[in-house]
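A.B. asks: Dropping the structure in here first, questions after.
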Amino acid sequence: MVVKAALIESIFSVLQHQALGPEVVDSVAMAVGEPTGAKRYVKGHNLGEGTYGVVFKAVDTVTNRTVAIKKIRLGKLKEGVNVTALREIKLLKELQDPNIIELMDVYPHKSNLHLVFEYMESDLEAVIRDRNIFLSSADCKAYMQMILKGLAVCHKKWVLHRDLKPNNLLLGSNGQLKLADFGLARIFGSPDRRFTHQVFARWYRAPELLFGSKQYGPGVDVWAAACIFAELILRRPFLQGSSDIDQLGKIFGVFGTPGEAQWPDVTSLPDYVEYQYSPPQSFRSLFPQASEDCIDLLQRMFTYDPKQRITAQLALEHRYFRTEPAPTPCYMLRRPVKPEVHPKPIELLSPAGHIVFSPPTKTRRLQLFGGDIKTAGEASRDTHAKLQPELGTPIDAITIPMSIDPKTNLRPTLNSSDRSYLKRKLDMDIFLTPARR
Ligand code: AMP
């Protein structure tokens with residue numbers, strides 16, 4: 001136990017110097033009388049749970065600022081230290097930008113590492129789902145510009161985010177959007193580097209990943225950004241596959257089955273299988289209200305061949321961002337209703353077991369227990385059937401939490417087998433030398 005605590009302290013000290021720079025560490029140390037580490041923060045309620053740990057709200061007693069603290073379990077010594085935390089800290093240190101979440105402090109406490117972030121009020125998923133918010137084309141443009149700016153900085157610094165999705169795009173009180181959750185992020189650029197293809201939530205996964213590509217680049221993030229672009233316009237997830245095979249089917253059903261001319265290397269990808277031919281649908285019919293510029297940019301971002309797909313930087317330079325309407329200034333963007341005013345999360349029962357619907361804002365991830373995936377609509381009908389006799393309430397009078405859109409499927413994250421595979425993979429990566437890989 002003592003050895004473990006000492007090890008955590010020494011890892012922390014290296015990380016802290018790496019993450020914040022020795023000058024910050026020194027100045028904090030010199031600030032006599034100021035609390036440091038866990039003593040500095042007053043812990044509040046849970047904001048959500050990511051793949052690697054719980055995030056809770058807190059107040060920094062030195063600055064009086066509200067912060068979000070991610071508590072990361074460092075893992076058992078014999079299994080190796082949780083590499084994700086180290087990676088997230090190291091990468092965020094490189095990525096300081098107004099459109100990327102700010103890592104403000106790092107400290108160890110008990111067997112956990114705590115990452116202190118600026119507190120963000122909401123996220124893009126809450127905006128998309130909030131039916132009281134009208135999203136104009138200028139608003140969509142503003143969100144896309146902020147996403148692409150953050151992404152362009154990541155790619156310029158050779159970082160792949162690998163988990164872009166609306167609820168990882170956090171929104172500050174001034175409407176500023178910031179890329180967050182760098183737990184799956186990796187450095188790219190060396191030509192022989194092979195990565196896992198089990199990244200991104202399925203609906204945002206690029207076709208090369210779905211075909212098992214292990215040597216991919218920033219195009220995977222651009223594809224995910226394109227899915228988010230379409231989701232902003234349509235106000236629902238664009239390509240909602242129920243399995244990886246179905247995801248490819250959904251993609252091909254919309255953009256047409258790719259041929260060698262469109263995507264020359266496709267047949268040599270590891271998991272390539274031939275799909276029945278589907279013709280492409282016209283972008284105009286898919287996005288009837290979108291401008292020509294908007295459609296042109298979407299098409300370039302949804303290009304099959306990753307080598308020809310537009311980069312985040314070139315997307316930012318696209319005429320879509322220069323023509324009318326101008327992007328809405330971020331402080332004028334409408335914000336979703338604050339979490340505090342929502343009803344408490346409710347637990348729903350399905351014949352397959354519990355379905356826990358997360359509260360409407362921060363913990364929006366919908367978790368399923370029992371493996372039977374249902375649409376939110378089916379789940380709510382089950383609940384009505386169960387609740388009605390118990391409560392004696394007419395069906396119409398039972399309210400569904402606002403975060404649940406009965407018409408959409410449950411939003412998948414990495415599924416549990418993906419996750420445990422990925423965790424093992426990530427934890428092992430640090431120990432494997434290139435020769436052994
Ligand atoms: P993550 O592990 O980064 O996916 O975070 C899990 C959940 O915690 C997210 O889905 C957010 O709801 C919440 N969260 C993460 N970071 C912040 C932050 N800086 N401010 C407010 N909430 C956050």
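Think of each number as a place in line: the chain as shown, counted from 1.
In case you wondered, yes, glycine gets a Cβ from its N, Cα and C as well.
OK, TrEMBL features for this one:
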- D163: active site, proton acceptor (ACT_SITE)
- L47, G48, E49, G50, T51, Y52, G53, V54, V55, K70, K71: ATP binding site (BINDING)
- 41-321: domain 'Protein kinase' (DOMAIN)
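Show me how these features fit into the shown structure, please.
C.D. replies: Around D163 (active site, proton acceptor), the same-chain residues six or more apart in sequence whose CB sits under 8 Å from its CB are D181, G183, L184, A185, V199, F200, A201, listed in sequence order.
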A.B. asks: Pop the mean pLDDT for the domain 'Protein kinase' (41-321) in here, whole number is fine.
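C.D. replies: Reported value for the domain 'Protein kinase' (41-321) is a mean pLDDT of 93.
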A.B. asks: Largest pairwise Cα distance, Å, within the listed ATP binders L47, G48, E49, G50, T51, Y52, G53, V54, V55, K70, K71?
C.D. replies: 14
A.B. asks: Out of L47, V55, K71, D163, which recorded positions have CB atoms lying under 6 Å from ligand 1?
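C.D. replies: L47, V55, in sequence order.
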